[in-house]
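Q: The following feature annotations were taken from TrEMBL:
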| type | residues | note |
| --- | --- | --- |
| TRANSMEM | 26-45 | transmembrane segment |
| DOMAIN | 39-285 | domain 'G-protein coupled receptors family 1 profile' |
| TRANSMEM | 96-118 | transmembrane segment |
| TRANSMEM | 138-160 | transmembrane segment |
| TRANSMEM | 203-223 | transmembrane segment |
| TRANSMEM | 235-256 | transmembrane segment |
| TRANSMEM | 268-287 | transmembrane segment |
Amino acid sequence: MARTNNVTELIISGLFQDPEVQRACFVVFLPMYLATVVGNGLIVLTVSISKSLRSPMYFFLSHLSLVEISYSSTVVPKFITDLLSKIKTISLESCVAQIFFFHFFGVAEILLLVVMAYDRYVAICKPLHYMSIMNRQLCDLLVAGSWFGGLFHSIIQIFITIQLPFCGPNVIDHYFCDLQPLFKLACTDTSVEGVIVLANSGLIALCAFLLLVSSYIVILVNLRNHSAEGRRKALSTCASHITVVVLFFGPAIFLYMRPPSTFTEDKLVAVFYTVVTPMLNPIIYTLRNAEVKVAMRRLWGKKNSGMEQKWESDL
């Protein structure tokens, strides 16, 4: 796999060393992960079933929720089970696989957020041409491009990683496998690889963030020509998206646009974007979106009605 690998298994140091603190973290993080899966899964189910959520915005939202589930599931289940283990181990192959999927879903999410910003730009700045521009063919192409962009980015990261020799030590100073902590274990100079990773990860996050900020500046300027009611609806829709963008890009830029320093603070920041942010996204989008809330109530009402009818027929 690599040129010279005496290391086949890695020991993960984890987030904290105190067993009591680890058990407390397990109690906190398990419900958060379940909320992430259930909340985002409910959005995917609601959008796929509800006839009132057929616009491109909800099509992109359902794919974003699917990415959130996948992104969080790459790291969090292993992290949670490790909280109850005295020795946390992972094979080198599994570590590389985790890095691959972590970056794959992470960049796919970044590109989907850019796509969603473009969708809002067209809807607000060119409302008369919205449906003709954002047709189903373009929406499918934009979503496929987001997934392909994540795949291409991740392949580059893994190609760099598998060229490195690992001959010890084998303790990775993090609670999951990521590039910079793994590079510390390589028995060769990784300064060049570190710069490439910085360019590949950090610049993608920074450029996408600047593009998103620019798009929303254009939207806000354009809103001056709308009525008060139109501005209120547009701002309500965009506020959810802007909140998610800030929550996601803030930690990503902090980690990947600077040289790694103390891994303690890096680990705490990583908890935010791997555990907390994926859980918050469905809350942010549903609380500020009346159409999603109404569709979810209808879906829940249909399920309850169907269960009552089945119960009555059984009697």
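Any Cβ shown, glycine's included, is placed from N, Cα and C.
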Q: Cβ under 8 Å to the transmembrane segment (26-45), counting only same-chain residues 6 or more beyond its ends: which ones?
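A: Here the qualifying positions are 61-62, 65-66, 68-69, 72-73, 76-77, 79-80, 83-84, 275-276, 278-279, 281-283, 285-286, 292, 296, 299.
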Q: Could you tell me whether the transmembrane segment (203-223) and the transmembrane segment (96-118) are in contact, taking contact to mean 3+ Cβ pairs under 8 Å with a sequence separation of 6 or more?
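A: Yes, the stretches contact each other.
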Q: If you average per-residue pLDDT over the domain 'G-protein coupled receptors family 1 profile' (39-285), what number do you get?
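A: On average, pLDDT over the domain 'G-protein coupled receptors family 1 profile' (39-285) sits at 85.
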